[in-house]
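The annotation Zn(2+) 2 binding site is assigned in TrEMBL to Cys144, His270, His274, His280, Met288. Feature annotation from TrEMBL assigns domain 'Peptidase metallopeptidase' to 159-315. According to TrEMBL, the feature Ca(2+) 1 binding site maps to Asp178, Glu252. Among the features that TrEMBL reports, Ca(2+) 2 binding site is placed at Asp212. Sequence annotations record features per position, and here TrEMBL assigns Ca(2+) 3 binding site to Asp229, Gly230, Asp249, Glu252. Taken from TrEMBL, the feature Zn(2+) 1 binding site applies to His237, His247. For Glu271, the entry in TrEMBL reads active site. Annotated repeat 'Hemopexin' per TrEMBL: 344-391, 392-438, 482-528, in sequence order. Feature annotation from TrEMBL assigns Ca(2+) 4 binding site to Asp352, Asp396, Asp486. What TrEMBL lists as Ca(2+) 5 binding site is Ile354, Ala398, Ala441. According to TrEMBL, the phosphotyrosine annotation covers Tyr427.
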Amino acid sequence: MIHHSLRRETTLRHRWRQRAVLQWRSASHLHQQQHLCIVPTRTFSARTRKVPNHAQVQRSEDALIRHRQAATPHGLQYSTLGLPIVGEYLKTFGYLQKPLESDSEDFSPEEVQEATRVFQQSFNLPQTGLLDRSTLEMMREPRCGLEDPFNQKTLRYLLLGRWRKKNLTYRIYNYTPDMTPDAVTTAIKSAFKYWSDVTPLTFKEISYGRADIRISFHKRGVGCSRPFDGPGKVLAHADIPELGTVHFDQDEYWTEGSYVGMNLRIIAAHELGHALGLGHSRYTSALMAPVYNGYRPNFRLHDDDIRGIQALYGKRAQVEEEDTAFDTEVPVLVPAPTPTGPMPDPCSDNLDAIILGPHKKTYAFKGDYVWTITDFGTGPLMKIQSLWKGLPGNLDAAVHSPRTKRTYFFKGDKLWRYTDFKLNYGYPKLLSRVPANLNAALYWDGNQKIFLFKGENYWQWDELGWSNLASKKISSLFTGVPSQVDAALTWKNSKIYFFKGDKYWRVNKQLRVEKGYPLSVSERWMQCHHFD
């Protein structure tokens, strides 16, 4: 009897792992396709269908988890409990990242535990790093497809970018079969109105031509490079300014004015918030919270939503201040800044700097913007100051030290030092022992020192001890690395990467460039696909 039970347990685990691998390979194949969305044919007639039972969608997951929990000591780390479910979730929403060019897609139990702890922190759950009931329940909630603000240390809004004009057009390319076209149009118009009521923005619907914001519904795995996952889970996703795409999962049951199904008006308002430049909020009752909170008849924007959008575009003329249901500390409002330059293109622009930063996330810097790099490509572009307050753009170099958990930024003759995302007291400071206008910096595990690069030379700096900081030729230590590099970092695999233009070089533990390099940054790191 015991032997039969163990064999059944092994069979269940084997089947679940096979299913997870097939899903992952399928998703990886789809993400390698051209990053263009094919909009389905416009549908003007409504049809009815039964309301899907979302409990049925989760039944197989629930059964497997209950089976494992029955045979697993209470509180066991999830490295042996529901890993396919949890791992896919943490990767999809930015908490886990597999090393580039790694031969394995597996994560260590410590990596998954840390990612779960950060997830719990983001959703105000007990930070145990364990797969407990509350964590599982939160992961099952229907939600937005954009990454979560894992790195926010305060409850303030997150800004991802802005439009350089205030009169925007939008176009609805097709409709859900669950509602009439008029009902969809009204819901979308109402969603825009939440934002135009509190800003100078105006929105006009057009029926032909290319609009600034393009709205469409897509079935599972059809018509978009970021495929949906069927009923429940991811409901919709959007691109940040000035890309303008907003997609809804057509497999959801979309409604208006009902507690049944998914409310199109509220979810559309959330996605339009992303399209206008807002990231996710850690206020669970805010519109921009990543998890859908259900239908609310008297829905209104949270104070965090309002102050976030007004930080981007300013207040609407002659709009009166209204009391909100929340009395919270928020940043002082300032007029929307005038853009200092064009938004960078990760697929064509060279890098200012790149780091393997806090929470082992990869950050790439260009101009005033920063973005994450994941196994799916690039994350949304964000203003640097939305993450590192007080840090200027157009950086010369940056490096994160695993030894001290500090991040250093260099620009001109100044140095900024942060612990996580908080500027350390007394910074910025003047550079006095190394030249200004560095090219790149990296932390090397081999001697636990920071290497600074400029031109053909490099300097070694021990951040916790005395360093003579004598300059040496790059070629005297690194074989095959060019001079005047743009950026550098040491990756999780302990190999060093140098970047220059659209090329990068990988250096092995013997500090020699490996055979087959350089390779394309845009194709391998940003996962951009160029089509003639």
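All residue numbers here begin at 1 and follow the chain in the order shown.
Backbone N, Cα and C atoms are what each Cβ position is placed from, and that goes for glycine too.
Structure with TrEMBL features highlighted.
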{"residue": "Cys144", "record": "Zn(2+) 2 binding site", "Cβ contacts under 8 Å, 6 or more apart": "Val234, Leu235, Ala236, His237, His270, Glu271, His274, His280, Pro290, Val291, Tyr292"}
{"residue": "Asp212", "record": "Ca(2+) 2 binding site", "Cβ contacts under 8 Å, 6 or more apart": "Trp163, Leu168, Thr169, Tyr170, Glu242, Gly244"}
{"residue": "Asp249", "record": "Ca(2+) 3 binding site", "Cβ contacts under 8 Å, 6 or more apart": "Phe217, His218, Lys219, Arg220, Phe228, Asp229, Gly230, Pro231, Val234, Leu235, Ala236"}
{"residue": "Glu252", "record": "Ca(2+) 1 binding site", "Cβ contacts under 8 Å, 6 or more apart": "Thr176, Pro231, Gly232, Leu235, Gly261, Met262"}
{"residue": "Asp352", "record": "Ca(2+) 4 binding site", "Cβ contacts under 8 Å, 6 or more apart": "Phe365, Lys366, Gly367, Asn394, Leu395, Asp396, Asp486, Ala487"}
{"residue": "Ala398", "record": "Ca(2+) 5 binding site", "Cβ contacts under 8 Å, 6 or more apart": "Ala353, Ile354, Ile355, Tyr363, Phe365, Thr407, Tyr408, Phe409, Phe410, Ala441"}
Minimum Cα separation from the residue listed as 'phosphotyrosine', reported as the residue among binding-site residues Asp178, His247, Met288 that achieves it: Met288
Other same-chain residues whose Cβ falls within 8 Å of the Cβ centroid of Cys144, His270, His274, His280, Met288, the recorded Zn(2+) 2 site, in sequence order: Leu146, Ala238, Glu271, Gly273, Leu278, Gly279, Ser281, Leu287, Ala289, Pro290
All-chain count of other Cβ atoms within 10 Å of Asp229 (Ca(2+) 3 binding site): 18
Three-state secondary structure, Ile354 (Ca(2+) 5 binding site) (per DSSP): strand
The residue listed as 'phosphotyrosine', number of other Cβ atoms within 10 Å: 15
Other C-beta atoms that fall within 10 angstroms of the C-beta of His270 (Zn(2+) 2 binding site): 27
For His247 (Zn(2+) 1 binding site): DSSP state (helix, strand, coil): strand
Cβ atoms near Asp178 (Ca(2+) 1 binding site) (within 10 Å, other residues, all chains): 22
Cα distance (Å, whole number) from His247 (Zn(2+) 1 binding site) to Asp178 (Ca(2+) 1 binding site): 16
Additional residues surrounding Ca(2+) 4, by Cβ distance to the Asp352, Asp396, Asp486 centre under 8 Å: Leu351, Ala353, Phe365, Leu395, Ala397, Asn439, Ala440, Ala487
The repeat 'Hemopexin' (344-391), counted residue by residue under DSSP: helix, strand, coil: 6 helix, 19 strand, 23 coil
Residues close to Ca(2+) 3 site centre defined by Asp229, Gly230, Asp249, Glu252, Cβ within 8 Å: Arg220, Phe228, Pro231, Gly232, Lys233, Val234, Leu235, Gln250, Asp251
Structural state census, the repeat 'Hemopexin' (392-438) (DSSP three-state): 0 helix, 21 strand, 26 coil
Cα distance (Å, whole number) from His247 (Zn(2+) 1 binding site) to Met288 (Zn(2+) 2 binding site): 16
Cβ-based isolation winner (fewest other Cβ atoms within 10 Å) among the binding-site residues His237, His247, His274, His280: His237
